[in-house]
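For reference, the structure discussed in these notes is given below.
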Amino acid sequence: MPQDVDFHIPLPGRQSPDHARAEAEQLAWPRSLGLIRSDAAAERHLRGGYADLASRFYPHATGADLDLGVDLMSWFFLFDDLFDGPRGENPEDTKQLTDQVAAALDGPLPDTAPPIAHGFADIWRRTCEGMTPAWCARSARHWRNYFDGYVDEAESRFWNAPCDSAAQYLAMRRHTIGVQPTVDLAERAGRFEVPHRVFDSAVMSAMLQIAVDVNLLLNDIASLEKEEARGEQNNMVMILRREHGWSKSRSVSHMQNEVRARLEQYLLLESCLPKVGEIYQLDTAEREALERYRTDAVRTVIRGSYDWHRSSGRYDAEFALAAGAQGYLEELGSSAH
């Protein structure tokens, strides 16, 4: 049921014209860094459709810029899978790995860092190419929030203290869904930067939060059966059932309505952007960057997520694992010696 749940997304679907080439070459990068070694891991990775996802998130990107987006999507899901199992239920083990990965934001990693950390270091190096120090600092801040969120989730599992309310869950999950770093990369892939004085404006912040919320609601629907099998309790469907005593179908219907309401608000916020440009006295180039952010970053991460979730093999029933089983085929989080 979950991947077939319909959401009305009033935004056009787009895809990079270079998607076929990127899809054919998507295993080259993770294999070169030892992130995918076995044929089984390669087959499972291909089933996820991560090149398809990147080509929808970054439809304006081609060549090396699209490849960076594909590699980021590959890395995201390889990293996330490392926490499906005992590590993700142990806050100390989780923090040890997230700290090792986040260290790449501060400088070169030691050779003994785990493969998943070296993968992130390569992505971060390429991400910062051609971007201003202020942009890199902003993106690094978003990445740190992302890594911190994994520790929060592990704490919740360790203490068997699932979120009591939708509001509590959203506050935690908004970081680990990874939308903000994903949207950041749209600027890098498109070789533009939103004016920094506008980024934290009320309108922009509200637009981005809607993009984050829609993504996590879509993801929770798609991954519901997988998480039910694992005994995961922090999923919006389950939380709504606990909080309100609703049935599964009513909880899903409520989430559909939430997405619809948020997107109506999003379109209203979009209509305010010309006024934002006036208030912040943006010049022509800055207004163009703001418009590109609207069309090539925020919109595409909303619509692209929806289209990918409906077709990705990542959420197929065969990948649903029992509680305590590890969700990855290859250990990428252990330090090399």
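Cβ from N, Cα, C; glycine included.
Note that the structure is a prediction, hence the values are computed from the model and not measured.
Positions annotated as Mg(2+) 2 binding site by Swiss-Prot: Asp80, Asp84. Asp84 (Mg(2+) 2 binding site) falls outside any helix or strand according to DSSP and counts as coil.
Every protein chain shown contributes to the tally, and the Cβ of Asp84 (Mg(2+) 2 binding site) ends up with 19 other Cβ atoms within 10 Å. Residues or ranges marked as Mg(2+) 1 binding site in Swiss-Prot: Asp80, Asp84.
Annotated Mg(2+) 3 binding site per Swiss-Prot: Asn219, Ser223, Glu227, in sequence order. For Glu227 (Mg(2+) 3 binding site), the Cβ neighbour count at a 10 Å cut-off comes to 20, with all displayed protein chains included.
For Cys128-Cys136, the entry in Swiss-Prot reads disulfide bond. In sequence order, Cys136, Ser139 are the residues near Cys128 (disulfide bond), counting only same-chain partners six or more apart with C-beta under 8 A.
The average pLDDT computed for the motif 'DDXXD motif' (80-84) is 92. The motif 'DDXXD motif' annotation in Swiss-Prot covers 80-84.
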Query raised in the report: Taking the Cβ of Asp80 (Mg(2+) 2 binding site) as the centre, how many other Cβ atoms fall within a 10 Å radius?
Result: 16
**Report entry** Rounded Cα separation (Å) that holds between Asp80 (Mg(2+) 2 binding site) and Glu227 (Mg(2+) 3 binding site)
**Finding:** 13
**Report entry** Ser223 (Mg(2+) 3 binding site): secondary structure state under DSSP, collapsed to three categories
**Finding:** coil
Report task. Could you name the residues, excluding Asn219, Ser223, Glu227, of the same chain that surround the Mg(2+) 3 site, i.e. Cβ within 8 Å of the Cβ centre of those residues, in sequence order? Result -> Asp220, Ile221, Ala222, Leu224, Lys226, Glu232, Asn235, Tyr315
